[in-house]
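*Asks:* My questions all concern the structure below.
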Amino acid sequence: MTIEWQTISAQYCAKRDSTIPESMKLKSVAGMDALNVTNVPKTCGLLTPRELELTEKYDATGLADLIKQHKTTSKELVVAFCKRAAIAQQLLNCVTELLLDEALEQATKLDEHYATTGELVGPLHGVPISVKEHISLKGHTATASFLAKVDVVAEEDADIVHTIRKAGGVFFCRTTQPQSLMQLETSSRLTGTTVNPFNRKLTAGGSSGGEGALLGIRASVMGIGSDIGGSIRSPAANNGFYGFRPSTLRLSRKGCQGAVKGQESILGVVGPLTQSARDLNLFMKACMEEKPWLEDASVVPLPWRTPNLPAKIKIGVMRNDGVVTPQPPLQRAFDIVLDKLRNSSDYELIDVEPYKHKYSWDLISELYWLDGGKANYDLFAKVGEPLEPMTEWIMKQPTVKDHDVAGVWKLVAERDEYRNQYIKHLQTYGVDFLLCPAGPGPAPKLGEAKYWTYTSVWNLLDLPSAVFPVTKVDTTLDVKDESYKPMNDDDAFQYHTYKPEDYKDAPVGLQLVGARWEDENLLAALERLVKIL
């Protein structure tokens, strides 16, 4: 007998809910019905003052230092962050599984090791880490939010999970992603919709949206996500923290689940989402010290190098991609950052024109689905899984079609030619880094994240890029320009859907882009930049 897809979803969600102890379940408290629920962890009574301090005051580097100084234990941190993640799930629908028992077991072993030997196992010793669900954990399902995959259990950890465990990280929570992983929102038939903690009418982003909501409400200090079109950077921008898309092949993707293996037209990457710029570097350095190329032959054998930045950094400023004009909060965020940089003798600012960004979307949206989406449609059909509206939108882009081998070769050649053209374009400006939007506006309203190009162009070009928080929407300052005339349909959609009151409290971030495989320099430049903001 075929099981209805609704039954599969209900069973999966019931299993998820069973991982949250009764002691961590919310009672009715003030603020639970608000749009902005970031204050609920403080007021709900589930967290002690000590647990509030540990979850709100420190980044991952700070927590690692506390453990090193014997001022906390991994076990204490696991309990605090599991409590906060349980709260986050009940408010935001961002968790697929709480790993309380496993995390406590690992934390206890790490605490005992440190107590008896006086040695830390690695730079992340005892720090709680969250991880996106499609990144395999041994003994757990990794569905990529396909209902047809709910019974597929991972036999091994994904390489990135193995690497972070060796560095001392403790996995305490798994987080939501959208149907098929291909949304800048997080909505699936498996777990429903994940929402933004600052305004629950807005999206937490996608596809690492569970991580976005979790870090946004400070229920994690460091998470692992993946990015093929903005899936780390969109959640970071939408929820007010830091996210990094590394160059491809710096970190292993082995063990990350999806619809199909072997797709190399646009490579996805795994990467960190963190509460500070320095934690991005902490994550990458910890991974590189484990030499991931020894476990995965596809990883470039390139150790984490000492950054080499010029005394005066040339920042290319790209306020607009020539297709969609950023909404007023993004414009103000640019003004804030540029005013700071202009007042510093350490920076030279150079305006940079975008290069064929509309073409970049037509190209990458075709490269995503070289089989016309057949692998995805086959998985949906297995259990009668209906498409989510945002999944249907991306899979029905005008460029999507089935390709023969010659068609694939032609398209990949176009990709490579565009990369070469873009690099030559940037070389004419002589800039070290690009400053640009992380999206057309703050977190979109649910069902409206339909413009990817501010992030996806850098996936197409394979340039490392990092998002950082700047400000929040101010309904008084971020007024709509009623005289503006949209340039095209995409621009008109972003213009007409913007009303400042709809985005109250929403974080606003920007994006810094570097040169391929010079990830170290990009993160060093980011740390320098955020210090003057």
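Any Cβ shown, glycine's included, is placed from N, Cα and C.
Whatever TrEMBL says is automated annotation, not expert-curated.
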*Asks:* Using only what TrEMBL says about substrate binding by S207, I228, G229, G230, S231, identify which of L181, L251, L273 is listed for that site too.
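*Replies:* Among the candidates, TrEMBL records only L181 at this substrate site.
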*Asks:* Suppose we draw a 10 Å sphere around the Cβ of K132 (active site, charge relay system). How many other Cβ atoms does it contain, all chains included?
*Replies:* 28
*Asks:* From the centroid of the CB atoms of L181, S207, I228, G229, G230, S231, the recorded substrate site, which same-chain residues not already listed sit within 8 A by their CB, in sequence order?
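*Replies:* Neighbours found: M182, Q183, L184, G206, S208, S226, D227, I232, S234, G268.
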*Asks:* How does the model score the domain 'Amidase' (76-523) in terms of mean pLDDT?
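*Replies:* Here the mean pLDDT over the domain 'Amidase' (76-523) amounts to 98.
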*Asks:* If you measure L181 (substrate binding site) to S231 (active site, acyl-ester intermediate) at Cα, how many Å is it?
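*Replies:* If we compare the Cα positions of L181 (substrate binding site) and S231 (active site, acyl-ester intermediate), the gap is 9 Å.
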*Asks:* Distance check, please: Cα of G230 (substrate binding site) against Cα of K132 (active site, charge relay system), rounded to an integer number of angstrom.
*Replies:* 15
